Amino acid sequence: MISGVDPQTHLPSGKPRWLKVKAPTSPGYLKLKGMLRQGGLHTVCEEATCPNIGQCWHEGSAAFMILGDTCTRRCAFCNVKTGKPLPPNPDEPQQLALTAQRMELKHVVITSVDRDDLEDGGAGQFIACIQALRRVLPEASVEVLTPDFRHKQGALERLVAARPDVFNHNVETVPRLYANVRPVSSYAFSLEVLRRAKQLNPEGMTKSGIMLGLGEDEAEVLAVFADLRAAGVDYLTVGQYLRPSPAHHAVVRYWEPERFEALGQQALQLGFKRVSSAPLARSSFHASELHGVDNA
């Protein structure tokens, strides 16, 4: 079992009431599910078992996950499967753009699995998706939530040159916990990715997110906020970690909604342009509103 936490940590039995959501069954949810299946597309909503899937899909919003559903890394918090991925689908960018058009999206979020097996880490597929969206939905803003493209020379530069409206890369947790939570990744490298993205495109918005409940303390969280601001990050998301299965990292603490609200206020005081800090906040949850766009 991947844990890295004290097994004696005590938590209330079951999730707190503020984390309970209804099972997705609405007509809007089912309609969007059909659209995505028709396009042969994946979403991080499904693959990462996001608790907000019912609400987002009911409202006609989804975060597209490109480059397949199999990741080359294994992070202790993530529910996306690990293995040997298939080659990129050359039809995926056009399928994604046409589906976004049918959904009448004004803000499109694209993320991906890690593709360390590809020479460019998948940057070329991100670029192709951005270009397809610009052709089909020229008025829509585009947000990319990317891997770190570690050891992929020139990949980040090429992607930022495609001018996504929002460049998002999550640090996920505090540096002390990286060895257990993100063993193949580097906190310092992720900060550099964000810093470099802002340097390459100062007019574009940069964004990052962190999960709480993995064993961090408040001082460490505030230090991450300060690091992100120093890297020029504009938007911040802060949400509660939820354990996908017993094989994943344990939840050490359920942070109360009031603490999320207080942290959000402290983040705004540090100079972030916009902050989403709540137990169910996620990188792509209400991403359009965070960027000042209404997808409704």
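Yeah, the Cβs are placed from backbone N, Cα and C, and that goes for glycine too.
These features come from Swiss-Prot:
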type	residues	note
BINDING	Cys45, Cys50, Cys56, Ser284	[4Fe-4S] cluster 1 binding site
BINDING	Cys71, Cys75, Cys78	[4Fe-4S] cluster 2 binding site
DOMAIN	57-273	domain 'Radical SAM core'
Request  = For Cys75 ([4Fe-4S] cluster 2 binding site), name the DSSP secondary structure in the helix/strand/coil scheme.
outcome  = coil
Task = Can you see whether DSSP assigns Ser284 ([4Fe-4S] cluster 1 binding site) to helix, strand or coil?
result = coil
Key: Near-site residues: [4Fe-4S] cluster 2, ref Cys71, Cys75, Cys78, CB cutoff 8 A to centroid   = Arg73, Arg74, Phe77, Asn79, Val80, Thr82, Val113, Asp114
Ask   = Using Cα coordinates, what distance in whole Å links Ser284 ([4Fe-4S] cluster 1 binding site) and Cys75 ([4Fe-4S] cluster 2 binding site)?
value = 19
Message = What's the number of neighbouring CB atoms sitting within 10 A of the CB on Cys78 ([4Fe-4S] cluster 2 binding site)?
response = 22
